[in-house]
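Here is the structure we will look at.
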Amino acid sequence: MVSRVIPVDDFDLVIFGGTGDLARRKILPGLYRRFCAGQMPETARIIGAARSEHDTEEFRQLVRDAIREFSTKNTCDEGQIGAFLERLDYVQVDARGSDGWDALKEMMRDGVVKAYYFSVAPSLFGDIAERLQSYGIADESARIVVEKPFGRDLDSAKKLNADLAKHFDETQIYRIDHYLGKETVQNLMAVRFGNILFEPLWNSQYVDHIQITVAETVGVGGRGEYYDRSGAMRDMVQNHLMQLLCLIAMEPPSRFDPDAVRDEKLKVIRALEPVDHHSIVRGQYEATATEPSYREDAGDPRSTTESFIALRCMISNWRWAGTPFFLRTGKKLKARTSEIAVMFKDAPHSIFGEEAGRHANVLSIRLQPNEGMTLKVTIKEPGPGGMRLVDVPLDMSFAEALGDDAEEITDAYERLIMDVIRGNQTLFMRGDEVEAAWAWTDPLIESWEKRGDMPKAYEAYSSGPEEAAMMLHREGRRWREIKE
Ligand code: BG6
C-alpha cells in the first residue's frame, strides 16, 4: 500500500515560542517529516519567533539537534536535513512590546497561506493576536494555532476566547488537541460511520458500558510545578479524554465537515450529567525505592493534586441513557497504553447452558502503542467433548494491515499542522466546545476542593488506587487490564 501525499498550498508558518520545548519536540520534527514526505511546497517557509537572541544559523542548528533527538521516524539523510533547514528563518520578537515586529512583517510574503502557531503561555495569546493585526500581517485568510492548556476553568477559557475573538474570526482559530490528530482517533470515525455493522449496536440497548483509558508510565518529574497546578483532570480529562468520549458517543454528523462534526461533539458534552463524588477516584503515586513520590516530584509535600483520576460519567440522551462511560488516566501506571473499549452486553439467553459461561463482545480501539482494533468474539473451543465456548480476538493491527506503511503512520502534530495549512478545522476544538467542557469540569473540581477530598495513594507502576477498582466492582464490572 502506498500512502498518498496530498499537496498543500505555499505557506509562511511562524512559530511563536519557536525555540521552546514543544517546538523542538513536536512541531519542528513534524514539519521536517512532512518535508521528507514531499508535502512541503518548494518555497514554503518556517519562521521561528521567540524572545531569545539568536541568528538564523543558530536557530537552524537548534532545529538540527531537535530533529536528531526527536525525529524517531527519521527516513531522511543529513542532506535532507540540510535542505529542510534552508527553509527556516528566525526573528527575535517581544510579544508584549514592539521589538522585532517590523522585521517579522518584512519577512512575510503576500499571496501565500499565513499561519501563526502560538506555542507560548496562554497569557501571551491576546498580545500576539493584537500585534498580528496592528502590524498588518494577518489578513482574512491568516490562521492562528493555539495550544492547550486553553484556560484552567470556564472563566479563563471565556477570556481567552474573547481576547482572540477581538482580532480573529472563529474560522481562523485552530485550537489544538493533539489526541484528535492521532491516526486511530480518526479511524474511530471511519469505523463508526463507514461500516453498517456497528451503528445499529451503538447504543444503550447493546452496549453495557464504555471504558476509556489513557495510561502513562512517566511521572511528572521535570514539569512538576506546571502539573501540580493542573492535575490529571485539567491536564488530560477536560481535553483529550473528553474528545475521545465525544467521538465515541456522538450522533452521526450529516457530513464530515468541521461544523457538522463539532456540532455533534458539543451536544455530547452538553448532555453529560454532573458527576457526584462517589463516582470520582483521584490518586497520587507513591515513591519507589529509587524514584520520588508525586508530592516530591511536584515539590509540595502537602499537594492535593491528582496524578490519577477515574470517573463514572453518564450521558443524558436517548442513545446512551443507562450506559456508563468510565474514564481513567494517570501517570506512573503499569504500562503506556491508550484504549477505548466498547463492552457489549451478554447475549440475552445462552442456548449452551450455564457451563458454557457468560461471554460478551468487546470492541477495543487502541490509540497507542500498536495502533489497531480488536473485536472479541465467542467461538466454540476446538476439539471434541461438547460445546465449550472460548473468546478469541479478531485483530486488526495497523502495523500488520498496512505493512511498511505503518512505519509511516503520521504523527498527530504533522497531520494537524498540515490541516491548518489546508484550512480544515474538523480536528480542532471550537470555542464553544472548550467552554462547554470547562462548564462540565469546573463543578467537579470545585466539589472535591470544597469537600477537602484527598487523593488516594497508589503504588507506582500499578493500575492506580484500589478505590478505582472498587468503583466498578460495586456494580459488578471490571476495568480492563492496563497492558501494552
Ligand atoms: C499532554 C499532557 O497534553 O499529553 C501530558 O499535558 C501528557 O501530561 C501528554 O503526557 C500525553 O500525550 P501522548 O500523545 O504521549 O499520549
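In case you wondered, yes, glycine gets a Cβ from its N, Cα and C as well.
Automatic, uncurated: that is what TrEMBL annotation is.
Taken straight from TrEMBL:
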ACT_SITE  H240  active site, proton acceptor
BINDING   G17, G18, T19, G20, D21, L22, A23, R24, R51, K148  NADP(+) binding site
BINDING   H178, K182, E216, D235, K331  substrate binding site
DOMAIN    14-187  domain 'Glucose-6-phosphate dehydrogenase NAD-binding'
DOMAIN    189-480  domain 'Glucose-6-phosphate dehydrogenase C-terminal'
Distance-selected binding-site residues near ligand 1 (C-beta under 6 Å), from R51, K182, D235: D235
Long-range Cβ environment of E216 (substrate binding site), under 8 Å and at least 6 residues apart: T329, G330, K331, K332, L333, R336
Cβ-based isolation winner (fewest other Cβ atoms within 10 Å) among the binding-site residues D21, D235: D21
Rounded Cα-Cα span from T19 (NADP(+) binding site) to H240 (active site, proton acceptor), Å: 25
Integer Cα-Cα distance in angstrom, D235 (substrate binding site) to D21 (NADP(+) binding site): 17
